[in-house]
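Here is what Swiss-Prot records for this protein:
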- 35-298: domain 'AB hydrolase-1' (DOMAIN)
- Ser110: active site, nucleophile (ACT_SITE)
- Asp266: active site (ACT_SITE)
- His294: active site, proton donor (ACT_SITE)
Amino acid sequence: MRTLYPEITPYQQGSLKVDDRHTLYFEQCGNPHGKPVVMLHGGPGGGCNDKMRRFHDPAKYRIVLFDQRGSGRSTPHADLVDNTTWDLVADIERLRTHLGVDRWQVFGGSWGSTLALAYAADPSAAGHQLVLRGIFLLRRFELEWFYQEGASRLFPDAWEHYLNAIPPVERADLMSAFHRRLTSDDEATRLAAAKAWSVWEGATSFLHVDEDFVTGHEDAHFALAFARIENHYFVNGGFFEVEDQLLRDAHRIADIPGVIVHGRYDVVCPLQSAWDLHKAWPKAQLQISPASGHSAFEPENVDALVRATDGFA
């Protein structure tokens, strides 16, 4: 079974001002003359991390990571203004142009898969290969499954902590109730809601719960960006024209080679979405990890993803 490549450090770290408000952090790792790949983190709001550098052979790939608007080391932190899917799609192209890349492989999981699909379907985009994991198409049933009722029945212990952040009278629409708190003028209210929202996802991302991963989701800086930006996108339907926009536009990526990796027991993003995407995009290879959950760092998911990037190298 393949594992992550060894730890590496960036050969360049920088910032890119993408408009009058937002400045993005980016870094480059691996071989400056290698095959370019852009890594799209999850959330939205999750930010990139050091382990994301390790899915590609650093001798063969020029690995570009960046923190999306409001995330990680990008500024302003946890900001919701001018922060939509289409702003992020445009930012990917701005970064590509800034770095002098003609075209690149696009690698993304969870929300990163959503953004990768939106980007690849844009006629002006320059993604020529897709490596996707934990497919999330941002349809209403996906959101309701995870944030209203569904996953709650598999993780009732973790769900109770999430649910307790909202009074019973407001629980008929939990995403909206969290939205009111995450956009509150009161800092303590925002932070309490952010931690409850963030920890819920952290507690459900692995087949076997990773307590360190859950603890990381309690970090105030991480949780505020993660919860505020996720919730902002979700209550706005991803800023899509129609709910199934990514499937509607799948014909635009019909000739792009790709690999879809999805854990059989992914509770955060159920396998149905990967199945639906594969039917709409049959050129892609669908690899179901039989004993894995959502996280990219589940051993089977790592194995499949590293094999995919090696295959495209």
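Just so it is clear, glycine is given a Cβ too, placed from its N, Cα and C backbone atoms.
Positions of Swiss-Prot features highlighted on the structure.
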residue	record	DSSP (3 states)
Ser110	active site, nucleophile	coil
Asp266	active site	coil
His294	active site, proton donor	coil
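With a cut-off of 8 Å between CB atoms and residues at least 6 apart in sequence, the same chain places Gly42, Gly43, Arg133, Gly134, Phe136, Val268, Cys269, His294 near Ser110 (active site, nucleophile), listed in sequence order. In sequence order, Gly134, Ser292, Gly293, His294 are the residues of the chain that are 6 or more apart from Asp266 (active site) and have a CB within less than 8 Å of its CB. In the structure as shown, the Cβ atom of the residue listed as 'active site, proton donor' sits within 10 Å of 26 other Cβ atoms.
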